[in-house]
């Protein structure tokens, strides 16, 4: 169900345009590449809505257990992938008249937690609680390789913008970088109780104080990694220099995420350089990267639980969030905000 909103006067960075309410938690939310629809993972279903009207236009049924992650193909808004605790990845064709599962991928031996397309849309990379990364050829359905990547469940995957490096995060507290051609581990970044971090060039590490890393994201220019750890902080890494350059915390120095895997994204839009994130208990949070100051926060009476998933469109012009309370929020950036904030 969608609830259209259009406040006339609003000085906030983002303006709430629509709400969609589900009866149970939204574990993943994504905007289609053409910006016309959003997909929500709700229990073992994927629901497709029009982004502004909030009209339900499709339900994808087939998974038998909860869905952890969903991703649209970057080159085709009619293709979506989903991964589940039922140990399968499903590839879906979404059409106005009907939607159907066109392929099922199965290899992992435990819950599949995260998936990522490459920019050409011909490869799909999956991470699992079985501690491995699998790379799939979408067309043939064949496995190109499986990497023994971590010593605990993998929580998040992303790629550098040039598609040369896979970046993985895990509950072992490590961030690892793998070459997509050679499949070799290029680097291991470790977060500890300090905000500085360290790096090694192998799969081995002796650092035993690492907090689980819940989410990783790369910057549009490919120079930085954003990591969300369950010590309650978000770190900005210059991974080529092997160091943390910024650390972000919640309002009044409260933790951002300690219980849940809350996603974060870069917003590089119209001169803005921001980070937006979900949180355990503080709603949607946004910081200016340079100053590290919080510039926007959204938490209303409907946001009673953790915001698990966030996604952006056109580098942050649109923002969508989904949470444990089953509420999806659709925001549009306020074109006048920069002038107001100066």
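From the backbone N, Cα and C atoms, a Cβ is placed for every residue, glycine too.
Note that TrEMBL annotation is computational and uncurated.
The annotation domain 'WDR5-like beta-propeller' is assigned in TrEMBL to 24-330.
Marked as repeat 'WD' by TrEMBL: 60-102 (among others). Long-range Cβ contacts of the repeat 'WD' (60-102) within its own chain (Cβ-Cβ under 8 Å, at least 6 residues beyond either end) map to 27-28, 30-34, 36-37, 39, 41-48, 108-121, 124, 126, 136, 138.
Using DSSP to sort the residues of the repeat 'WD' (105-146) gives these counts of helix, strand and coil: 0 helix, 24 strand, 18 coil. Marked as repeat 'WD' by TrEMBL: 105-146 (among others).
When averaged over the repeat 'WD' (147-188), pLDDT in the model lands at 97. What TrEMBL records for 147-188 (among others) is repeat 'WD'.
For the repeat 'WD' (206-247), DSSP puts the residue distribution at 0 helix, 22 strand, 20 coil. Per TrEMBL, the feature repeat 'WD' maps to 206-247 (among others).
Sequence-distant neighbours of the repeat 'WD' (206-247) (same chain, 6+ residues past either end, Cβ-Cβ under 8 Å): 152, 155-162, 167-175, 177, 187, 189-193, 195-199, 254-266, 268, 275, 277, 289, 292, 315. Panel annotation: around the repeat 'WD' (147-188), residues 110-111, 113-116, 118-120, 125-135, 199-205, 207, 209-218, 220-222, 225, 227, 229, 237, 239, 242, 261, 263 of the same chain, lying at least six beyond its termini, place a Cβ under 8 Å from a Cβ of the stretch. The DSSP breakdown of the repeat 'WD' (147-188), given as helix, strand and coil counts, is 0 helix, 24 strand, 18 coil.
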